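Quick look at what TrEMBL annotates:
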- 21-42: transmembrane segment (TRANSMEM)
- 62-85: transmembrane segment (TRANSMEM)
- 92-116: transmembrane segment (TRANSMEM)
- 226-248: transmembrane segment (TRANSMEM)
Amino acid sequence: MTQGRVQSTMHTAPLVTCMKTLLMVFNFIFWVTGIVLLAVGIKTKIDWYKYLELSSVYHPETPYVLIGVGAVIVLIGSLGCCCTVKGHSFLLFMYCGFLALIFIVELSAGIALLIYRNKLEEGFREGLNNAINIYGDKGKEEYTNSFDDMQKTLHCCGINSYTDWYNTKWEKTQSVPNSVPKSCCKVVDDNCKHTNLPANATNLDIDTQGCHKLVVDFINGNLGPIGGVALGISFFQILGAILACFLAKSINKAKYEQVA
């Protein structure tokens, strides 16, 4: 081996070590994003679905998509760590391809989520109007329970105000006029007065704020940032793909220099 090739090898080896370190850091962050997506998917399925399913544009498969993508990212992130440690250039090129594919998926998902958020807001008013009109109907217990859960959790009543209940089919079936469901009570117990309520009153035993604004605030406070983070993470994948490709090329170069 000539002196020039020895010097070239001495320069390439530290570069490979540096890029391996950077890629390991990237892999860890990438793996964590997968865990976060898994958590968001599970949270959506367990808790948020109670609000989301009231929207007329909600897709029940959404939590499973988030869980699936999160699981794939965790798996690929773990494989990426193995590829980086072992230094197999072919596997690193494959890893680069996977990252490029995930970039496309996450970019599309982030854009769709930001667009879907606006449609979800519009769908909520339509869905809430539908749910309040069939509240208490036989065979519609799922909507009734979801509306009750929403009112209890968000401490709200009706769509725009508690008086929305005064014009519903459910209210007409009550023995006392101007009634609201017990789920509107600030404290759900037998002492809560939720019947024969006056309009525009204060200091009631029930929550008086409508649920629509609170749900929209909830969407903006959760789905908006999640969509923004998804877009940010998608561009972060490009950095990982570039690192993986450069590392694979550097490893091949180092092997060539050793043989030469």
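Cβ atoms are placed via backbone N, Cα and C, with glycine included.
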Counting Cβ pairs under 8 Å to the transmembrane segment (92-116), which of 21-42, 62-85, 226-248 comes out on top? 226-248
Other same-chain positions with a Cβ less than 8 Å from the transmembrane segment (21-42) and lying at least 6 residues past its termini are 63-78, 80-81, 84-85, 226, 233, 236-237, 239-240, 243-244, 247
